[in-house]
Amino acid sequence: MSSNECFKCGRSGHWARECPTGGGRGRGMRSRGRGGFTSDRGFQFVSSSLPDICYRCGESGHLAKDCDLQEDEACYNCGRGGHIAKDCKEPKREREQCCYNCGKPGHLARDCDHADEQKCYSCGEFGHIQKDCTKVKCYRCGETGHVAINCSKTSEVNCYRCGESGHLARECTIEATA
C-alpha cells in the first residue's frame with residue numbers, strides 16, 4: 001500500500017478519517033484478521049489486497065467460521081464435537097497453571113523464584129530476562145552490543161507524512177491533511 005492510500009479502504013484520494021466507507025479501527029471495531037474489520041453494527045471493511053482464506057481447509061472465498069469442515073471440531077473443555085469451549089455446557093475444567101519463565105506448574109511468572117532458569121526473549125539464553133540482557137540487538141543494523149538509538153550506522157529514514165527521505169514526520173514542514 002502506498003502512502004497515498006487510505007488505510008481503511010485502500011483507495012487513494014483521501015485519508016482514513018475522511019473515508020467514505022465509514023467505520024474505523026478505534027472503539028467499536030473488531031479485527032477480522034488479514035486486514036479487515038467488522039463494526040458493532042455489522043458493517044465489514046476488508047482490505048481488497050488480501051483474499052479471505054480459510055485456515056481450516058486452506059481454500060479461498062470463506063473464513064473458518066463459515067467452513068463446511070467444522071464437524072471435526074472438538075471442544076477444548078470436554079473433548080466432544082459439535083461445539084467449542086466458549087459454548088460448552090460442562091463445568092469449566094481446571095487446568096494447572098504453569099510459569100511462563102521456567103515452565104513449571106504451581107506458580108505464575110511473577111512469583112517465580114527460579115531466576116537461574118528464566119529465559120531471555122532477546123538472546124534465548126537462560127539465567128536472565130530481556131531487560132537485563134547484555135547481548136542487546138540493534139533493530140537498525142542487526143548487530144549485537146548496542147540499541148538503535150545509539151547506532152553509528154546511518155540509515156535512510158522516510159517521512160510518513162510526505163513520503164520524502166531524510167526526515168521523520170515530526171520534523172516535516174508539510175502540513176498534515178489527515
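Note that Cβ sites are derived from N, Cα and C of the backbone, with glycine treated the same way.
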Position flagged as N6-acetyllysine [Swiss-Prot], chosen from K8, K89, K153
K8
Quickly, which of S49, S152 does Swiss-Prot have down as phosphoserine? Just give the residue.
S49
Given the zinc finger (136-153), its same-chain partners at Cβ distance under 8 Å and 6+ residues beyond its ends are 122-123
Against which stretches of its own chain does the zinc finger (118-135) lie, if we need a Cβ under 8 Å and a gap of at least six residues from its ends?
101-102, 112, 144-145
So, by DSSP, how many helix, strand and coil residues make up the zinc finger (136-153)?
3 helix, 2 strand, 13 coil
